Amino acid sequence: MYRALWLLARSRRLVRPPASALASAPGLSGAAVPSFWPPNAARMASQNSFRIEYDTFGELKVPNDKYYGAQTVRSTMNFKIGGVTERMPTPVIKAFGILKRAAAEVNQDYGLDPKIANAIMKAADEVAEGKLNDHFPLVVWQTGSGTQTNMNVNEVISNRAIEMLGGELGSKIPVHPNDHVNKSQSSNDTFPTAMHIAAAIEVHEVLLPGLQKLHDALDAKSKEFAQIIKIGRTHTQDAVPLTLGQEFSGYVQQVKYAVTRIKAAMPRIYELAAGGTAVGTGLNTRIGFAEKVAAKVAALTGLPFVTAPNKFEALAAHDALVELSGAMNTTACSLMKIANDIRFLGSGPRSGLGELILPENEPGSSIMPGKVNPTQCEAMTMVAAQVMGNHVAVTVGGSNGHFELNVFKPMMIKNVLHSARLLGDASVSFTENCVVGIQANTERINKLMNESLMLVTALNPHIGYDKAAKIAKTAHKNGSTLKETAIELGYLTAEQFDEWVKPKDMLGPK
(Lines of atoms letter the chains of each structure in order from A and count residues from 1; the text may use other names and numbers.)
(Lines give C-alpha, C1' and ligand atoms only; values in the text may rest on other atoms or scores of the structure.)
Protein backbone atom coordinates (compact mmCIF):
# COMPACT_ATOMS: atom_id res chain seq x y z
CA MET A 1 0.00 0.00 0.00
CA TYR A 2 2.71 2.50 1.04
CA ARG A 3 4.81 1.68 -2.02
CA ALA A 4 1.80 2.64 -4.11
CA LEU A 5 1.41 5.90 -2.17
CA TRP A 6 5.07 6.74 -2.69
CA LEU A 7 4.85 6.10 -6.41
CA LEU A 8 1.71 8.21 -6.55
CA ALA A 9 3.44 11.15 -4.88
CA ARG A 10 6.55 10.74 -6.97
CA SER A 11 4.64 10.90 -10.21
CA ARG A 12 2.75 13.93 -8.82
CA ARG A 13 -0.54 12.57 -10.02
CA LEU A 14 -2.74 14.49 -7.66
CA VAL A 15 -6.39 13.71 -8.15
CA ARG A 16 -9.15 16.27 -8.07
CA PRO A 17 -11.69 15.34 -5.37
CA PRO A 18 -15.24 14.74 -6.49
CA ALA A 19 -17.60 17.66 -6.29
CA SER A 20 -19.56 15.91 -3.56
CA ALA A 21 -16.44 15.75 -1.41
CA LEU A 22 -15.86 19.46 -1.77
CA ALA A 23 -19.43 20.26 -1.00
CA SER A 24 -19.43 18.15 2.12
CA ALA A 25 -16.05 19.27 3.49
CA PRO A 26 -16.68 20.58 7.03
CA GLY A 27 -16.71 24.31 7.61
CA LEU A 28 -15.94 25.42 4.06
CA SER A 29 -18.57 28.15 4.09
CA GLY A 30 -17.57 29.35 0.63
CA ALA A 31 -13.85 29.47 1.46
CA ALA A 32 -11.43 29.10 -1.40
CA VAL A 33 -10.49 25.47 -2.06
CA PRO A 34 -7.21 24.41 -3.67
CA SER A 35 -7.45 23.33 -7.30
CA PHE A 36 -5.78 20.05 -6.43
CA TRP A 37 -6.22 17.99 -3.32
CA PRO A 38 -3.62 15.43 -2.20
CA PRO A 39 -4.78 11.80 -2.33
CA ASN A 40 -6.54 10.46 0.71
CA ALA A 41 -3.26 9.28 2.21
CA ALA A 42 -4.03 10.53 5.71
CA ARG A 43 -6.99 8.16 6.07
CA MET A 44 -5.02 5.28 4.55
CA ALA A 45 -2.22 5.74 7.09
CA SER A 46 -4.45 6.40 10.09
CA GLN A 47 -4.38 2.77 11.14
CA ASN A 48 -0.73 3.30 12.04
CA SER A 49 0.99 5.89 14.25
CA PHE A 50 1.44 8.43 11.51
CA ARG A 51 -0.37 10.20 8.72
CA ILE A 52 0.96 11.37 5.37
CA GLU A 53 1.18 15.11 4.77
CA TYR A 54 2.63 17.11 1.91
CA ASP A 55 4.72 20.20 1.39
CA THR A 56 6.14 21.50 -1.88
CA PHE A 57 8.98 18.97 -1.67
CA GLY A 58 6.70 15.94 -1.38
CA GLU A 59 5.18 13.67 1.22
CA LEU A 60 6.33 13.04 4.78
CA LYS A 61 5.14 10.94 7.68
CA VAL A 62 3.65 13.02 10.49
CA PRO A 63 2.87 11.55 13.93
CA ASN A 64 -0.88 11.13 14.32
CA ASP A 65 -0.83 12.63 17.80
CA LYS A 66 0.79 15.90 16.68
CA TYR A 67 -0.80 18.96 15.16
CA TYR A 68 2.28 20.05 13.23
CA GLY A 69 2.69 19.11 9.59
CA ALA A 70 5.14 18.30 6.85
CA GLN A 71 7.28 21.44 7.02
CA THR A 72 7.86 20.96 10.73
CA VAL A 73 8.83 17.32 10.19
CA ARG A 74 11.20 18.33 7.42
CA SER A 75 12.87 20.84 9.71
CA THR A 76 13.41 18.19 12.39
CA MET A 77 15.12 16.10 9.72
CA ASN A 78 17.34 18.92 8.47
CA PHE A 79 18.35 20.53 11.77
CA LYS A 80 19.33 17.87 14.28
CA ILE A 81 21.29 20.34 16.36
CA GLY A 82 21.46 20.43 20.14
CA GLY A 83 18.49 18.29 21.08
CA VAL A 84 15.52 19.25 23.25
CA THR A 85 17.50 21.76 25.31
CA GLU A 86 17.90 23.90 22.20
CA ARG A 87 14.23 24.12 21.28
CA MET A 88 12.71 27.46 20.39
CA PRO A 89 11.97 29.23 23.69
CA THR A 90 8.41 28.78 24.89
CA PRO A 91 7.88 32.56 25.24
CA VAL A 92 8.43 32.88 21.47
CA ILE A 93 5.82 30.22 20.76
CA LYS A 94 3.32 31.86 23.09
CA ALA A 95 4.03 35.22 21.47
CA PHE A 96 3.29 33.66 18.09
CA GLY A 97 -0.06 32.53 19.46
CA ILE A 98 -0.86 36.10 20.44
CA LEU A 99 0.20 37.40 17.03
CA LYS A 100 -1.72 34.79 15.04
CA ARG A 101 -4.86 35.49 17.04
CA ALA A 102 -4.53 39.21 16.43
CA ALA A 103 -3.91 38.68 12.72
CA ALA A 104 -6.92 36.38 12.36
CA GLU A 105 -9.13 38.93 14.05
CA VAL A 106 -7.92 41.68 11.73
CA ASN A 107 -8.15 39.41 8.68
CA GLN A 108 -11.77 38.75 9.57
CA ASP A 109 -12.35 42.48 9.40
CA TYR A 110 -10.89 42.34 5.89
CA GLY A 111 -13.12 39.50 4.74
CA LEU A 112 -11.75 36.21 6.08
CA ASP A 113 -14.59 33.72 6.62
CA PRO A 114 -15.73 34.23 10.25
CA LYS A 115 -15.94 30.48 10.86
CA ILE A 116 -12.32 30.03 9.78
CA ALA A 117 -11.18 33.16 11.61
CA ASN A 118 -12.85 32.10 14.85
CA ALA A 119 -11.34 28.63 14.68
CA ILE A 120 -7.90 30.14 14.11
CA MET A 121 -8.39 32.49 17.04
CA LYS A 122 -9.40 29.65 19.37
CA ALA A 123 -6.45 27.52 18.31
CA ALA A 124 -4.08 30.48 18.59
CA ASP A 125 -5.36 31.15 22.10
CA GLU A 126 -4.41 27.60 23.04
CA VAL A 127 -0.92 28.22 21.68
CA ALA A 128 -0.64 31.47 23.63
CA GLU A 129 -1.80 29.73 26.80
CA GLY A 130 0.84 27.03 26.44
CA LYS A 131 -1.66 24.22 26.00
CA LEU A 132 0.01 22.98 22.81
CA ASN A 133 3.68 23.26 23.78
CA ASP A 134 4.33 19.60 22.97
CA HIS A 135 3.63 20.33 19.31
CA PHE A 136 6.62 22.65 18.84
CA PRO A 137 9.74 20.47 18.48
CA LEU A 138 11.96 22.78 16.43
CA VAL A 139 15.31 24.02 17.65
CA VAL A 140 16.71 27.53 17.53
CA TRP A 141 19.38 26.47 15.05
CA GLN A 142 17.40 26.63 11.81
CA THR A 143 16.89 29.27 9.18
CA GLY A 144 17.93 32.66 10.54
CA SER A 145 14.55 34.16 9.70
CA GLY A 146 12.68 31.65 11.86
CA THR A 147 10.64 30.48 8.86
CA GLN A 148 10.39 26.90 10.09
CA THR A 149 9.03 28.01 13.45
CA ASN A 150 6.51 30.32 11.79
CA MET A 151 5.33 27.37 9.70
CA ASN A 152 5.33 25.12 12.76
CA VAL A 153 2.92 27.59 14.34
CA ASN A 154 0.86 27.87 11.17
CA GLU A 155 0.56 24.09 10.87
CA VAL A 156 -0.36 23.56 14.50
CA ILE A 157 -3.01 26.27 14.46
CA SER A 158 -4.33 25.08 11.10
CA ASN A 159 -4.67 21.44 12.18
CA ARG A 160 -6.11 22.33 15.58
CA ALA A 161 -8.64 24.61 13.90
CA ILE A 162 -9.48 21.86 11.39
CA GLU A 163 -10.04 19.49 14.29
CA MET A 164 -12.33 22.00 15.99
CA LEU A 165 -14.36 22.22 12.79
CA GLY A 166 -14.63 18.44 12.49
CA GLY A 167 -12.19 18.10 9.60
CA GLU A 168 -9.25 15.82 8.93
CA LEU A 169 -5.76 16.60 10.19
CA GLY A 170 -3.35 17.32 7.39
CA SER A 171 -6.03 18.03 4.81
CA LYS A 172 -5.49 21.81 5.03
CA ILE A 173 -9.26 22.07 4.59
CA PRO A 174 -11.03 24.18 5.62
CA VAL A 175 -8.13 25.98 7.33
CA HIS A 176 -4.93 26.31 5.33
CA PRO A 177 -1.68 27.08 7.21
CA ASN A 178 -0.47 29.56 4.59
CA ASP A 179 -3.62 30.93 3.01
CA HIS A 180 -5.52 31.46 6.25
CA VAL A 181 -3.31 31.28 9.37
CA ASN A 182 -0.44 33.13 7.66
CA LYS A 183 -2.70 35.47 5.68
CA SER A 184 -1.14 38.93 5.13
CA GLN A 185 2.03 37.73 6.84
CA SER A 186 5.55 36.53 6.12
CA SER A 187 8.03 34.77 8.37
CA ASN A 188 10.16 37.86 7.87
CA ASP A 189 7.73 40.08 9.75
CA THR A 190 6.00 37.57 12.04
CA PHE A 191 9.16 36.27 13.67
CA PRO A 192 10.53 39.70 14.62
CA THR A 193 7.06 40.60 15.86
CA ALA A 194 7.00 37.49 18.03
CA MET A 195 10.50 38.33 19.25
CA HIS A 196 9.41 41.73 20.47
CA ILE A 197 6.23 40.43 22.06
CA ALA A 198 8.14 37.68 23.87
CA ALA A 199 10.90 40.03 25.03
CA ALA A 200 8.46 42.64 26.31
CA ILE A 201 6.42 40.09 28.25
CA GLU A 202 9.53 38.52 29.79
CA VAL A 203 10.85 41.91 30.83
CA HIS A 204 7.58 42.93 32.44
CA GLU A 205 6.71 39.61 34.06
CA VAL A 206 10.15 38.41 35.17
CA LEU A 207 13.00 40.88 34.85
CA LEU A 208 11.59 44.14 36.19
CA PRO A 209 9.73 42.55 39.15
CA GLY A 210 12.89 40.68 40.13
CA LEU A 211 15.05 43.78 40.00
CA GLN A 212 12.49 45.82 41.91
CA LYS A 213 12.39 43.19 44.64
CA LEU A 214 16.17 43.30 44.93
CA HIS A 215 16.17 47.10 44.94
CA ASP A 216 13.66 47.25 47.77
CA ALA A 217 15.55 44.70 49.89
CA LEU A 218 18.86 46.49 49.45
CA ASP A 219 17.19 49.80 50.26
CA ALA A 220 15.81 48.33 53.49
CA LYS A 221 19.28 47.12 54.45
CA SER A 222 20.76 50.51 53.65
CA LYS A 223 18.37 52.10 56.11
CA GLU A 224 18.93 49.35 58.69
CA PHE A 225 22.71 49.89 58.57
CA ALA A 226 22.57 53.69 58.48
CA GLN A 227 24.27 54.20 61.88
CA ILE A 228 26.98 51.55 61.57
CA ILE A 229 30.32 53.24 60.85
CA LYS A 230 32.97 51.12 59.12
CA ILE A 231 36.22 51.56 57.31
CA GLY A 232 36.03 52.17 53.58
CA ARG A 233 38.24 50.47 51.03
CA THR A 234 39.64 51.70 47.72
CA HIS A 235 41.97 49.61 45.55
CA THR A 236 41.03 46.85 48.09
CA GLN A 237 43.11 48.82 50.64
CA ASP A 238 42.01 50.71 53.74
CA ALA A 239 40.43 54.11 53.11
CA VAL A 240 38.42 56.62 55.13
CA PRO A 241 35.24 55.68 57.03
CA LEU A 242 31.68 55.57 55.80
CA THR A 243 28.56 53.90 57.11
CA LEU A 244 27.53 50.43 56.07
CA GLY A 245 24.27 52.07 55.05
CA GLN A 246 26.10 54.42 52.71
CA GLU A 247 27.93 51.47 51.18
CA PHE A 248 24.64 49.67 50.56
CA SER A 249 23.08 52.85 49.18
CA GLY A 250 25.50 52.56 46.27
CA TYR A 251 24.08 49.13 45.50
CA VAL A 252 20.57 50.50 45.72
CA GLN A 253 21.37 53.20 43.18
CA GLN A 254 22.97 50.70 40.81
CA VAL A 255 19.84 48.56 40.74
CA LYS A 256 17.65 51.64 40.41
CA TYR A 257 19.62 52.70 37.35
CA ALA A 258 19.38 49.16 35.97
CA VAL A 259 15.60 49.38 36.06
CA THR A 260 15.74 52.83 34.47
CA ARG A 261 17.98 51.64 31.64
CA ILE A 262 15.81 48.63 30.85
CA LYS A 263 12.65 50.72 30.83
CA ALA A 264 14.36 53.24 28.56
CA ALA A 265 14.99 50.51 25.97
CA MET A 266 11.39 49.31 25.89
CA PRO A 267 9.81 51.88 23.51
CA ARG A 268 11.75 50.32 20.61
CA ILE A 269 10.75 46.84 21.76
CA TYR A 270 7.09 47.91 21.64
CA GLU A 271 7.42 48.59 17.90
CA LEU A 272 6.14 45.63 15.86
CA ALA A 273 7.22 44.55 12.39
CA ALA A 274 3.87 42.94 11.53
CA GLY A 275 2.61 44.26 8.21
CA GLY A 276 6.04 44.51 6.61
CA THR A 277 5.72 41.00 5.10
CA ALA A 278 8.72 39.88 3.00
CA VAL A 279 11.01 42.91 2.70
CA GLY A 280 9.16 45.70 4.52
CA THR A 281 6.94 46.96 1.71
CA GLY A 282 3.78 45.33 3.06
CA LEU A 283 3.12 43.29 -0.08
CA ASN A 284 -0.09 41.20 0.18
CA THR A 285 -1.47 43.16 3.12
CA ARG A 286 -4.26 45.69 3.27
CA ILE A 287 -4.00 49.35 4.19
CA GLY A 288 -4.34 49.61 7.97
CA PHE A 289 -3.49 45.95 8.63
CA ALA A 290 -0.24 46.72 10.45
CA GLU A 291 -1.78 49.32 12.73
CA LYS A 292 -4.76 47.12 13.57
CA VAL A 293 -2.62 44.08 14.37
CA ALA A 294 -0.41 46.12 16.70
CA ALA A 295 -3.50 47.49 18.44
CA LYS A 296 -4.91 43.98 18.88
CA VAL A 297 -1.61 42.72 20.30
CA ALA A 298 -1.56 45.67 22.70
CA ALA A 299 -5.08 44.84 23.83
CA LEU A 300 -4.25 41.16 24.30
CA THR A 301 -1.09 41.79 26.31
CA GLY A 302 -1.83 45.02 28.11
CA LEU A 303 1.45 46.44 26.81
CA PRO A 304 1.75 49.58 24.62
CA PHE A 305 2.66 47.91 21.32
CA VAL A 306 2.52 50.01 18.16
CA THR A 307 3.35 49.35 14.55
CA ALA A 308 6.97 50.03 13.67
CA PRO A 309 7.28 53.38 11.85
CA ASN A 310 9.75 51.87 9.38
CA LYS A 311 9.26 48.22 8.47
CA PHE A 312 12.52 48.04 6.53
CA GLU A 313 14.45 48.71 9.73
CA ALA A 314 12.20 46.36 11.68
CA LEU A 315 13.03 43.42 9.39
CA ALA A 316 16.63 44.12 8.46
CA ALA A 317 17.98 45.31 11.81
CA HIS A 318 17.32 44.30 15.38
CA ASP A 319 18.98 47.20 17.12
CA ALA A 320 16.14 47.27 19.65
CA LEU A 321 17.09 43.82 20.91
CA VAL A 322 20.78 44.75 20.98
CA GLU A 323 19.85 47.85 23.00
CA LEU A 324 17.79 45.84 25.48
CA SER A 325 20.54 43.24 25.73
CA GLY A 326 22.99 46.06 26.35
CA ALA A 327 20.89 47.34 29.24
CA MET A 328 20.82 43.82 30.66
CA ASN A 329 24.58 43.55 30.16
CA THR A 330 25.04 46.71 32.22
CA THR A 331 22.71 45.25 34.82
CA ALA A 332 24.86 42.13 34.91
CA CYS A 333 27.93 44.31 35.54
CA SER A 334 26.13 45.95 38.46
CA LEU A 335 25.00 42.67 39.97
CA MET A 336 28.48 41.16 39.59
CA LYS A 337 29.91 44.05 41.63
CA ILE A 338 27.19 43.88 44.27
CA ALA A 339 27.39 40.11 44.74
CA ASN A 340 31.19 40.17 44.88
CA ASP A 341 31.23 42.98 47.45
CA ILE A 342 28.76 41.15 49.67
CA ARG A 343 30.60 37.85 49.55
CA PHE A 344 33.98 39.50 50.21
CA LEU A 345 32.57 41.53 53.11
CA GLY A 346 31.15 38.27 54.44
CA SER A 347 34.37 36.31 54.00
CA GLY A 348 35.58 34.32 56.98
CA PRO A 349 34.12 33.51 59.40
CA ARG A 350 37.42 33.96 61.29
CA SER A 351 40.12 34.61 58.72
CA GLY A 352 38.39 37.00 56.33
CA LEU A 353 36.92 40.47 56.50
CA GLY A 354 33.87 39.18 58.31
CA GLU A 355 32.00 42.49 58.39
CA LEU A 356 28.80 40.87 57.17
CA ILE A 357 27.16 37.70 58.43
CA LEU A 358 25.48 36.00 55.46
CA PRO A 359 22.57 33.55 55.74
CA GLU A 360 23.62 29.91 55.89
CA ASN A 361 21.57 28.06 53.27
CA GLU A 362 23.24 24.68 52.85
CA PRO A 363 26.40 22.69 53.68
CA GLY A 364 29.36 24.06 51.75
CA SER A 365 31.81 21.21 51.52
CA SER A 366 31.87 17.45 51.08
CA ILE A 367 35.19 17.21 52.94
CA MET A 368 35.40 20.18 55.33
CA PRO A 369 32.83 19.74 58.13
CA GLY A 370 30.84 22.80 59.08
CA LYS A 371 31.92 24.87 56.10
CA VAL A 372 29.30 27.23 54.68
CA ASN A 373 29.75 29.13 51.42
CA PRO A 374 28.23 32.32 49.93
CA THR A 375 26.32 30.28 47.35
CA GLN A 376 23.76 32.92 46.42
CA CYS A 377 26.57 35.35 45.61
CA GLU A 378 28.26 32.69 43.52
CA ALA A 379 25.06 31.93 41.63
CA MET A 380 24.51 35.62 40.95
CA THR A 381 28.03 36.14 39.64
CA MET A 382 27.69 33.12 37.34
CA VAL A 383 24.42 34.52 36.02
CA ALA A 384 26.12 37.86 35.42
CA ALA A 385 28.89 36.15 33.47
CA GLN A 386 26.36 34.26 31.34
CA VAL A 387 24.44 37.44 30.56
CA MET A 388 27.65 39.15 29.47
CA GLY A 389 28.32 36.24 27.13
CA ASN A 390 24.77 36.33 25.83
CA HIS A 391 25.21 39.99 24.98
CA VAL A 392 28.25 39.20 22.87
CA ALA A 393 26.16 36.74 20.84
CA VAL A 394 23.30 39.24 20.50
CA THR A 395 25.75 41.93 19.40
CA VAL A 396 27.27 39.70 16.73
CA GLY A 397 23.80 38.72 15.52
CA GLY A 398 22.55 42.28 15.45
CA SER A 399 25.54 43.49 13.49
CA ASN A 400 24.95 40.93 10.73
CA GLY A 401 21.70 42.10 9.21
CA HIS A 402 22.36 41.90 5.48
CA PHE A 403 20.34 43.97 3.01
CA GLU A 404 16.59 43.60 3.73
CA LEU A 405 16.69 40.88 6.39
CA ASN A 406 18.61 40.01 9.51
CA VAL A 407 19.00 36.22 9.61
CA PHE A 408 20.22 35.76 13.18
CA LYS A 409 16.76 36.17 14.66
CA PRO A 410 16.31 32.87 16.56
CA MET A 411 19.74 33.06 18.16
CA MET A 412 19.23 36.68 19.18
CA ILE A 413 15.88 36.18 20.86
CA LYS A 414 17.07 32.99 22.56
CA ASN A 415 19.85 34.94 24.25
CA VAL A 416 17.75 38.01 25.07
CA LEU A 417 15.09 35.85 26.73
CA HIS A 418 17.75 33.81 28.51
CA SER A 419 19.30 36.97 29.96
CA ALA A 420 15.97 38.41 31.06
CA ARG A 421 14.93 35.18 32.75
CA LEU A 422 18.30 34.62 34.46
CA LEU A 423 18.56 38.18 35.77
CA GLY A 424 14.97 38.22 37.00
CA ASP A 425 15.13 34.83 38.68
CA ALA A 426 18.59 35.40 40.15
CA SER A 427 17.49 38.73 41.61
CA VAL A 428 14.61 37.06 43.42
CA SER A 429 16.78 34.18 44.64
CA PHE A 430 19.55 36.51 45.79
CA THR A 431 17.04 38.71 47.59
CA GLU A 432 15.11 35.97 49.36
CA ASN A 433 18.03 33.73 50.26
CA CYS A 434 20.74 36.28 50.96
CA VAL A 435 19.99 39.99 51.11
CA VAL A 436 17.04 39.95 53.51
CA GLY A 437 19.02 37.85 55.99
CA ILE A 438 22.28 39.81 55.95
CA GLN A 439 23.45 40.95 59.39
CA ALA A 440 26.17 43.39 60.33
CA ASN A 441 29.01 42.02 62.48
CA THR A 442 29.42 45.24 64.47
CA GLU A 443 32.18 43.90 66.71
CA ARG A 444 34.34 43.03 63.73
CA ILE A 445 33.45 46.26 61.93
CA ASN A 446 34.50 48.38 64.93
CA LYS A 447 37.75 46.47 65.40
CA LEU A 448 38.81 46.90 61.79
CA MET A 449 37.84 50.56 61.72
CA ASN A 450 39.73 51.46 64.89
CA GLU A 451 42.85 49.70 63.63
CA SER A 452 42.82 51.46 60.27
CA LEU A 453 45.67 53.83 59.52
CA MET A 454 43.55 55.86 57.13
CA LEU A 455 41.80 57.64 59.98
CA VAL A 456 44.88 59.83 59.85
CA THR A 457 43.23 61.61 56.91
CA ALA A 458 41.22 63.62 59.43
CA LEU A 459 44.46 65.30 60.55
CA ASN A 460 45.24 66.77 57.11
CA PRO A 461 43.50 70.13 57.75
CA HIS A 462 45.25 70.49 61.12
CA ILE A 463 48.86 69.36 60.64
CA GLY A 464 49.16 68.97 56.86
CA TYR A 465 49.46 66.03 54.50
CA ASP A 466 53.18 65.37 54.97
CA LYS A 467 53.05 65.07 58.76
CA ALA A 468 49.90 62.98 58.60
CA ALA A 469 51.59 60.65 56.12
CA LYS A 470 54.61 60.28 58.42
CA ILE A 471 52.33 59.35 61.31
CA ALA A 472 50.66 56.65 59.23
CA LYS A 473 53.90 55.19 57.85
CA THR A 474 55.61 55.21 61.24
CA ALA A 475 52.64 53.59 62.95
CA HIS A 476 52.51 50.90 60.29
CA LYS A 477 56.27 50.24 60.54
CA ASN A 478 56.30 50.08 64.34
CA GLY A 479 52.95 48.36 64.80
CA SER A 480 51.73 51.18 66.99
CA THR A 481 48.49 53.13 66.95
CA LEU A 482 48.01 56.43 65.19
CA LYS A 483 47.47 58.21 68.48
CA GLU A 484 50.61 56.81 70.08
CA THR A 485 52.70 57.66 67.06
CA ALA A 486 51.33 61.19 66.65
CA ILE A 487 52.13 62.00 70.28
CA GLU A 488 55.56 60.38 70.08
CA LEU A 489 56.43 62.43 67.00
CA GLY A 490 55.33 65.56 68.81
CA TYR A 491 52.83 66.62 66.19
CA LEU A 492 49.85 66.95 68.55
CA THR A 493 48.57 66.17 72.02
CA ALA A 494 46.30 63.33 73.08
CA GLU A 495 43.47 65.80 73.54
CA GLN A 496 43.91 67.18 70.04
CA PHE A 497 43.95 63.69 68.53
CA ASP A 498 40.73 62.75 70.31
CA GLU A 499 39.09 65.97 69.16
CA TRP A 500 40.15 65.78 65.54
CA VAL A 501 40.00 62.04 64.80
CA LYS A 502 36.35 61.10 65.19
CA PRO A 503 35.01 58.59 62.62
CA LYS A 504 31.46 59.87 63.02
CA ASP A 505 32.65 63.31 61.89
CA MET A 506 34.31 61.86 58.78
CA LEU A 507 31.16 60.75 56.97
CA GLY A 508 30.52 63.81 54.81
CA PRO A 509 31.29 67.45 54.10
CA LYS A 510 31.30 69.88 57.01
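Along the chain as shown, residues are numbered 1 onward.
Each residue, glycine too, has its Cβ placed from N, Cα and C.
For reference, Swiss-Prot has these:
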type: MOD_RES; residues: Lys61; note: N6-acetyllysine
type: MOD_RES; residues: Lys66; note: N6-acetyllysine
type: MOD_RES; residues: Lys80; note: N6-acetyllysine
type: MOD_RES; residues: Lys94; note: N6-acetyllysine
type: MOD_RES; residues: Lys115; note: N6-acetyllysine
type: MOD_RES; residues: Lys122; note: N6-acetyllysine
type: BINDING; residues: 145-147, 176-179, 186-188, Thr234, Ser366, 371-373; note: substrate binding site
type: MOD_RES; residues: Lys213; note: N6-acetyllysine
type: MOD_RES; residues: Lys223; note: N6-acetyllysine
type: MOD_RES; residues: Lys256; note: N6-acetyllysine
type: MOD_RES; residues: Lys292; note: N6-acetyllysine
type: ACT_SITE; residues: Ser365; note: active site
type: SITE; residues: Glu378; note: site 'Important for catalytic activity'
type: MOD_RES; residues: Lys502; note: N6-acetyllysine
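This view paints the features noted in Swiss-Prot onto the structure.
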residue : record                                  : CB count, 10 Å
Lys61   : N6-acetyllysine                         : 16
Lys66   : N6-acetyllysine                         : 20
Lys80   : N6-acetyllysine                         : 10
Lys94   : N6-acetyllysine                         : 21
Pro177  : substrate binding site                  : 25
Asp179  : substrate binding site                  : 16
Ser187  : substrate binding site                  : 22
Lys256  : N6-acetyllysine                         : 16
Lys371  : substrate binding site                  : 11
Glu378  : site 'Important for catalytic activity' : 13
| note | Lys223 (N6-acetyllysine) has its Cβ surrounded, within 10 angstroms, by a count of other Cβ atoms equal to 13
| field | Secondary-structure category, per DSSP, in which Lys292 (N6-acetyllysine) falls | value | helix
| request: By CA-CA distance, flag whichever of Lys61, Lys213, Lys292, Glu378, Lys502 among the recorded positions is nearest to Thr234 (substrate binding site). | output: Lys502
| said: Roughly how many Å lie between the Cα atoms of Lys292 (N6-acetyllysine) and Asn373 (substrate binding site), rounded to a whole value? | reply: 54
| task | Sorry to bug you, but what's the C-alpha spacing from Pro177 (substrate binding site) to Lys122 (N6-acetyllysine), rounded to the closest Å? | result | 15
| request: Find, among the binding-site residues listed as Thr147, Thr234, the one whose Cβ has the highest number of other Cβ atoms within 10 Å in the structure shown. | output: Thr147
| task | Would you mind reading off the Cα separation of Asp179 (substrate binding site) from Lys256 (N6-acetyllysine), to the nearest angstrom? | result | 48
| task | Take the C-alpha atoms of Lys223 (N6-acetyllysine) and Ser187 (substrate binding site) and report the distance between them in angstrom, rounded. | result | 52
| Can you tell which of the modified residues Lys61, Lys94, Lys115, Lys256 lies nearest to Thr147 (substrate binding site) in space, using Cα positions? | Lys94
| message | When you rank Ser145, Ser365, Asn373 by Cα distance to Lys256 (N6-acetyllysine), which of the recorded positions ends up on top as the closest? | response | Asn373
| request: Based on Cα distances to Lys115 (N6-acetyllysine), point out the closest of the recorded positions Ser145, Ser187, Ser365, Lys371, Asn373. | output: Ser187
| Minimum Cβ neighbour count within 10 Å among the binding-site residues Ser145, Asn373: which residue? | Asn373
| field | Closest of Lys61, Lys66, Lys94, Ser365, Lys502 to Lys371 (substrate binding site), Cα positions, recorded positions only | value | Ser365
| field | Listed modified residues (Lys115, Lys502), ranked by Cβ neighbours within 10 Å, top entry | value | Lys115
